Every structure is written in C-alpha cells, then in structure tokens.
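I have placed the structure first, in the form of structure tokens, so that the comments after it can refer back to it.
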C-alpha cells in the first residue's frame, strides 16, 4: 500500500538539502581561501582552521592506508539508507525524529561527498580553551551530533510528545 510522501517523514528531506548546501558551501569557501593549516581567529576560543581528516571522528583510522575511505563511505551510505527508510515509515508529524534523521543524513552525505571527491573530509572549526584544542570539525559533523542529540532527547520525552 503506497502513501503520499508528504504524509511520511520524507516530507523533511528538504532539511537534508539545506544541510548539504551549508556544509558543502562552507567547505568550498575554505578550500578556495585557505591553504592547508591556515588559521583565522573568529572569536575568543573559536578559529577557522583548514585541516584534512582522512579518518572518522577524532581522526580515527586516519593512518590506515586508504581502505578506511571506502569503509566510512559504506557506513555513510548504509546509515543514510536506513534513516531514509525510517523516515518513510514514520509520520510527517513526528517532527523531532524526522528532523534528527534529516540532520544525520545531511551530515553523512556532506562528509561522504568529501571522501569520494577529495579523498578526505574538510574540517575547519577549531574550538579551544587556553592551550587545549578540541578536534577540528565541520558543519556536517555538527549536524550529525545535533541529530544524535535530538534522538537521545526524544527518548526522554513523554509518549504524547514523541508522537508530535
């Protein structure tokens, strides 16, 4: 039995496109205006810093000889497909879940594009306190983390709020 896409969670796929445009646009600006390793202070504790990540979060498996590029690409594709199916099976009114899934898909596809096109992920956000620097990350990573946090938040909401 088929149903209208607008009645399913796929109605929220526009958010995937927004995340992709913002993420890929920011990476394009970095690639066009920064040399690898360049840093520009934005605010106290926040820099723009061009870095390349050949691995995953925190450069996990970055020095593994290249196979990790395809491994992480496969994971991104798999997760995106699974979440799209979950969106299709959910109602459009289940906003929190669908927004979370769309953010994760958008972030995963943004980093997937980098892996396939460049062979690495472009990172540029450098958060620091004093001499301690958090791992450099990008807007796709931020979308993935916000999406994951929304899924966790949804788990704590009362049943009535989950349906909306």
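Yeah, the Cβs are placed from backbone N, Cα and C, and that goes for glycine too.
With a cut-off of 8 Å between Cβ atoms, the residues of this chain six or more beyond the transmembrane segment (12-32) that come close are 48, 50, 84, 87, 92, 95, 98-99, 101-103, 105-107, 109-110, 113-114, 122, 124, 138-140, 143. What Swiss-Prot records for 12-32 (among others) is transmembrane segment.
According to Swiss-Prot, the feature transmembrane segment maps to 70-90 (among others).
The list of residues near the transmembrane segment (102-122) in space but at least 6 beyond its ends in sequence, with Cβ under 8 angstroms from a Cβ of it, reads 12-20, 23-24, 27, 30-31, 50-54, 69, 72-73, 76-77, 79-80, 83-84, 87, 138-144, 146-148, 150. Summarising the annotation, Swiss-Prot assigns transmembrane segment to 102-122 (among others) and lists sequence analysis as the type of evidence.
All protein chains shown were included, and the count of other CB atoms within 10 Å of the CB of residue 123 (active site) stands at 23. The active site annotation in Swiss-Prot covers 123 (among others).
Same-chain residues lying 6+ beyond the ends of the transmembrane segment (137-157) with a Cβ under 8 Å from its Cβ atoms: 19, 22-23, 26-27, 57, 96-97, 99-104, 106-111, 114, 121-125. What Swiss-Prot records for 137-157 (among others) is transmembrane segment, and it gives sequence analysis as the kind of evidence.
Within 10 Å of the C-beta of residue 141 (active site) there are 21 other C-beta atoms, taking all protein chains into account. Annotated active site per Swiss-Prot: 141 (among others), in sequence order.
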